[in-house]
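Novice: Here it is: the structure, laid out below.
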Amino acid sequence: MLSRSLLCLALAWVARVGADAPEEEDNVLVLKKSNFAEALAAHNYLLVEFYAPWCGHCKALAPEYAKAAAKLKAEGSEIRLAKVDATEESDLAQQYGVRGYPTIKFFKNGDTASPKEYTAGREADDIVNWLKKRTGPAATTLSDTAAAETLIDSSEVAVIGFFKDVESDSAKQFLLAAEAVDDIPFGITSNSGVFSKYQLDKDGVVLFKKFDEGRNNFEGEVTKEKLLDFIKHNQLPLVIEFTEQTAPKIFGGEIKTHILLFLPKSVSDYDGKLGNFKKAAEGFKGKILFIFIDSDHTDNQRILEFFGLKKEECPAVRLITLEEEMTKYKPESDELTAEKITEFCHRFLEGKIKPHLMSQELPEDWDKQPVKVLVGKNFEEVAFDEKKNVFVEFYAPWCGHCKQLAPIWDKLGETYKDHENIIIAKMDSTANEVEAVKVHSFPTLKFFPATADRTVIDYNGERTLDGFKKFLESGGQDGAGDDDDVDLEEALEPDMEEDDDQKAVKDEL
């Protein structure tokens, strides 16, 4: 009787464990609150993606994430990849501070207190390389040519240090550089056969890549800083296509000056124009990042809007700086020859190009409604009128937060339409830019009081009719603060806006 009871108990336990055991989809563990702790206990290294089924970024990531999972599994790695539907598992999402989709966190040895945020690229190689850096040595020891070949073949970019004495000062500097780079595999070797295969007869560092010239040999004194600079200059293609997968490399890189070629892949002289762009890029490695954008692709239409371009105006070139202040520049010539692009880049670096400020034409009825319409051409005259207090919403037509605000802003306009010195206005910041105001987020609300000193006050109070009225009646004091909402860098990323009914969570990279 006892043995039968024990058997039933054991079977019940097995059934319960089986019910909670994570399922797999394309080699990715599917986790829920009921099996999350079990998965952490079973796997020392676990990368978890918190996603939403409707999220465009998550859909784009899915095949690369699965490819990375399959690659690690095939290698017999301890590392596993998992995913959590955060819209279903809200408790887990809240526990791990999920604010946007996808959010990806790395759990090591079951530590739930401080999982590492995944910040590298969205391609399978990026994911695998980042994980291997987190779980193994900074550089793999390459004992023979087969090991070197495997490392080079494993990724789009790989770096190998050739040192006859791997304990030398130069080798130590190389390892420090390897520790500082997340998304590129590093190898180190003292094997004479490996030296011979890659045509080295003395110590050196080589960056191998599956594009452009194929390899770059480091020259000069081997220091961590110089190696990192060398890698920065050579790890990306001369021209990189802007996609969902490459966006993190573009925005996450150290080069903050980007020149963009908007070119439809369907155009007859596509190869020639891209070739001219690539030829110009050769002279600006490490200084300006050359980016190609397929202007026909649906996901890229918002980027065209951001630069004030229409599909029929492409091919076209624009330059942007992503420092503290985002600034755009337009070539004086529409010619897309290598010579003209090179000249434009040189003139920019020499400080001889003025920023390009977009403006729509002024509508005839711009001041006929309670909310006045501002464009670049009339902004200065209206906003800095010394006799008027002007409250302006800087918006983007596609922004969900702006759409929510619209009816409230219209009511505010109605409230003050007959006021003698308060003006409520709005400006589409995707089509209009002004030198006096840098818009970093949507919507941005700024107050221009009736003074002669061109004062500008940020509003960051409640976005309610009462909140706005208190702010205006207090002379711009009650609710003043820094602007904070959808970052403009997101506007440059493809497929940023999801359906309106998904407005509860910001879609972040």
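Glycine too: its Cβ is placed from the backbone N, Cα and C atoms.
For CYS55, CYS58, CYS399, CYS402, the entry in Swiss-Prot reads active site, nucleophile. Swiss-Prot lists LYS202 with the feature N6-acetyllysine. Sequence annotations record features per position, and here Swiss-Prot assigns N6-succinyllysine to LYS224, LYS273. Look at Swiss-Prot and you will find SER333, SER359, SER429 tagged as phosphoserine, backed by similarity to another entry. Annotation comment: Swiss-Prot describes 506-509 as motif 'Prevents secretion from ER', evidence class sequence analysis. As annotated by Swiss-Prot, signal peptide applies to 1-19, with the evidence given as similarity to another entry. Marked as site 'Contributes to redox potential value' by Swiss-Prot on the basis of similarity to another entry: GLY56, HIS57, GLY400, HIS401. Feature annotation from Swiss-Prot assigns site 'Lowers pKa of C-terminal Cys of second active site' to ARG463; the stated evidence is similarity to another entry.
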Novice: Let me know the model's mean pLDDT on the motif 'Prevents secretion from ER' (506-509).
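Specialist: Here the predicted model's pLDDT, averaged over the motif 'Prevents secretion from ER' (506-509), is 30.
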Novice: Where SER333 (phosphoserine) and CYS58 (active site, nucleophile) are concerned, what is their Cα separation in Å, rounded?
Specialist: 40
Novice: For CYS402 (active site, nucleophile), which of the three DSSP-derived states applies: helix, strand, or coil?
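Specialist: In the DSSP reduction, CYS402 (active site, nucleophile) maps to helix.
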Novice: Please give me the CB contact count at 10 A for HIS57 (site 'Contributes to redox potential value'), counting all chains in the structure.
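Specialist: A count of 23.
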Novice: Taking the Cβ of CYS402 (active site, nucleophile) as the centre, count every other Cβ atom within 10 Å, in any protein chain shown.
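Specialist: Around the Cβ of CYS402 (active site, nucleophile), 22 other Cβ atoms lie within 10 Å.
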Novice: Using a 10 angstroms cut-off on Cβ to Cβ distances, just flag whichever of LYS202, LYS224, LYS273, HIS401, ARG463 is the loneliest among these recorded positions.
Specialist: LYS202
Novice: Does anything in the same chain, at least 6 positions from CYS58 (active site, nucleophile), have a Cβ under 8 Å from its Cβ, and if so what?
Specialist: GLU49, TYR51, ALA52, TYR101, PRO102
Novice: 10 Å Cβ neighbour count around CYS399 (active site, nucleophile)?
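Specialist: I count 21 other Cβ atoms within 10 Å of it.
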